[in-house]
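Read through the structure below, which is laid out as structure tokens, and then see the notes.
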Ligand SMILES: Nc1ncnc2c1ncn2[C@@H]1O[C@H](COP(=O)(O)OP(=O)(O)OP(=O)(O)O)[C@@H](O)[C@H]1O
Ligand SMILES: [Mg+2]
């Protein structure tokens, strides 16, 4: 059987190059993310880096599994006729299965062989991005581990075998008679597996959408950010039903070419669905997650704007001044809290805020009572609302001494906020003077009624940089959004590129098996350029459908965003990155258009007779 | 003649029906056909286009499920056989040749011929495979791929592939349908020689000339057997066909 596998590989090389590429890039992406995660966890780098790399690794594994299995299923689908022929001359179901698994094994090993060195390239790219955005220190390097060889080869083989498993079972049931039909009977559109997967992930997405508003600010955001993925899988699973329906609604223009393209979209449902699948995932992940991220930022900023009763923000301590009604000077101290004990002991890095409770309450509109040695849970959460926590204040620079404050009772709590903030509120008296003096302090200043704002601003400027509350909020929003964008770029950038390559892959595979169809169209009287234009129209219709379906999956995430922001802040907020959405749509249309042109141009290179004469 | 009728038929159909579709648009492609294909003899099946010839052949070969009736290959009932049993039959007792030669493009002529044996888990000797190719006159093309062969040559490779397992019955659906008259004659000569050597052959054809090479001709119309001729020449077959096509 392995001999057959080899001969098959050599013959249908375009199909297999596509499958090989999908395995190689998947392995490279997973390997790089895993090595970086391990290096970052060991190197004690920026706190943001480790969870971010964790998400990157999860996303890479999901994408690799998804793209590889859909590519493999598609290649198997395209070869139904070959497989039926094998059955006709005496091949058993088991032999068909073993043939496909044998091929997958070869592709898995081959993909890993290419993926391991390619992974080093991907890793240097990812490292460069992370250093550039200062998620890791400039001297951070992803380290090579010998055992990663085993992991990567295993990843390649397991993903390839798992990817082909379902397709192989399906293919083994192909009827020998299908070898006698010219184009091979169309496989059934919706298999049981598709229904099961579709409904399973639909359930997952729905559960997240329903639970997110009850998850509090942090939990709700995390859940909403995770809706896009299962929603995309749901839409993809139902793709063979949804894609052709939507694609036929696209404007084809009149004329015979439009009619031909429309007929092709309807006839080749599985091909349309296979091309659309990676595109749907790409759109859903990029648009859904950046949209959710941006919305949560706006929601947080809006919440702060509504709840903060101050006119100026000064980046320094401010004493009582003429014209000033209230000053809440808040000193930010990095801290470490320990909760639980024994097995459940947990250390968390937080920010503690040394405050004046009365001024804090007046400015932020929420009462805080701090008594004795007690602390309050701040708007950032992460601290239990009662009991006690062990608090250790950290030095302000690496190596400088901190202070262990021991176990402190939690005596109050302010509501958690969307935008987070400090997790601990305490009195300045609890902080050693040496730390308090050096730590950065921000003062929220509320004016007396009738005070001359510009005079007070000039007065305050003597203490430190002054901005109005509006200016300060705007700068804060910009910074958060830019951090957001950077995180998205690190997490989704390469994954998005991989999904895009998956799209190209499916189109190349689809075109490779269409040479005969194109030749038939040409002997029927179409010119070469008409064939190419009709294929282009078809590609645009499928891309358009994929964009809509990707947007549908993303809007499930937006639904969770709206309900979560409404539950947490009282105002439902959705703020979409339109330029990014437009850019992604433009890239998708360009890539599919160019790919369609190139593939159909190359598939029509030879005069049609040479193709129609070959009867294999 | 008496011994011919006494011997059990190679394939026997009893009241076989195959219906495509449901309701008013249902097509009875094969409609209650009872028919014996005698052992060691070559039977041609003729009839107008759409009369159910291919469907009948597929049912007789166990490639198509039947909706009613029974198909016996020797004493094996194909209508109750499971997939594994039918697969085993295709490897050992049934051979196929089709109008579009259905060779595997990735494999050479030799590899295509050896394929059924290898699928059956045998290690075919090169000489046995060469001998089979030699029998169809293609010993010198063993290492060519299908696309490097002419249509007639491809069809002869397909016949060699069907014969390499020494099947009890060879089923052929318009084996000369895509060939010019010279190539067709070569193929028909080959089949004639095989039938003379005792091979049972069931062949669907449009061509009265091809049918006249067979031992008997069965005429089909609207899924039913309407006539049967034995030992007729091409003109007689053509006249009869014309009568039924009217
Ligand atoms: N898979 C199928 N699904 C539906 N109808 C079918 C199918 N196969 C055959 N038919 C119908 O059954 C009837 C007989 O078809 P069949 O292919 O057996 O005809 P035929 O005698 O071989 O014709 P031809 O000489 O043109 O090859 C036709 O009306 C055809 O439309
Ligand atoms: Mg036919």
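Cβ coordinates are placed from backbone N, Cα and C, and glycine is handled just like the others.
Here TrEMBL flags A:53-76 (among others) as transmembrane segment. Here the transmembrane segment (A:53-76) has long-range neighbours at 12, 15-16, 18-19, 22-23, 25-27, 29-30, 32-34, 36-37, 40, 83, 100, 104, 126, 155, 159-160, 162-164, 166-168, 170-171, 229, 233, 236, 270-271, 274, 277-278, 281, 285, 490-492, 494-495, 498-499, 502, 505-506, 509-510, meaning same-chain residues at least 6 beyond its ends whose C-beta is under 8 angstroms from one of its own.
The domain 'ABC3 transporter permease C-terminal' annotation in TrEMBL covers A:57-174 (among others).
What TrEMBL lists as transmembrane segment is A:104-126 (among others).
Within the chain carrying the transmembrane segment (A:146-168), a Cβ under 8 angstroms from the stretch's Cβ atoms is held by residues 19, 23-24, 26-27, 30-31, 34-35, 64-65, 68-69, 71-73, 76-77, 96-97, 100-101, 103-105, 107-109, 111-112, 115-116, 119, 193, all 6 or more beyond its ends. Per TrEMBL, the feature transmembrane segment maps to A:146-168 (among others).
What TrEMBL lists as transmembrane segment is A:189-212 (among others).
According to TrEMBL, the transmembrane segment annotation covers A:232-261 (among others).
What TrEMBL lists as transmembrane segment is A:273-292 (among others). Sequence-distant contacts of the transmembrane segment (A:273-292), counting only residues of its own chain at least 6 positions beyond either end whose CB sits under 8 Å from a CB of the stretch, comprise 59, 63, 66-67, 70, 73-74, 77, 221, 224-225, 227-229, 231-233, 235-236, 239-240, 243-244, 484-485, 488, 491-492, 495-496, 499-500, 502-503, 505-507, 509-510, 539, 542-543, 545-547, 549-551, 553-558, 560-561, 574-577, 580-581, 584-585, 588, 592.
Taken from TrEMBL, the feature transmembrane segment covers A:487-513 (among others).
As annotated by TrEMBL, domain 'ABC3 transporter permease C-terminal' applies to A:491-608 (among others).
The transmembrane segment feature in TrEMBL is assigned to A:534-560 (among others). Residues 205, 208-209, 212-213, 220, 223-225, 227-228, 231-232, 234-235, 239, 242-244, 246-250, 252-253, 257-258, 260-262, 264-265, 272, 275-277, 279-284, 287-289, 291-292, 295, 507, 511, 514, 518, 521, 526, 574, 576, 585, 588-589, 592-593, 595-597, 599-600 of the same chain, all 6+ positions outside the transmembrane segment (A:534-560), place their C-beta atoms under 8 angstroms from a C-beta of that stretch.
Taken from TrEMBL, the feature transmembrane segment applies to A:580-598 (among others).
The list of residues near the transmembrane segment (A:104-126) in space but at least 6 beyond its ends in sequence, with Cβ under 8 angstroms from a Cβ of it, reads 5-6, 9, 16, 19-33, 35-36, 56, 72, 142, 144, 148-149, 152-153, 155-161, 163-164, 168, 490, 494.
A Cβ distance under 8 Å defines the sequence-distant neighbours of the transmembrane segment (A:580-598), meaning residues of its chain 6+ beyond its ends; these are 275, 279, 282-283, 286-287, 290-291, 500, 503-504, 507-508, 511, 532, 535-536, 538-540, 542-543, 546-547.
Secondary structure of the domain 'ABC3 transporter permease C-terminal' (A:491-608) per DSSP (helix as H, G, I; strand as E, B; remaining residues coil): 100 helix, 0 strand, 18 coil. Residue counts for the domain 'ABC3 transporter permease C-terminal' (A:57-174) under DSSP (helix as H, G, I; strand as E, B; rest coil) come to 96 helix, 0 strand, 22 coil.
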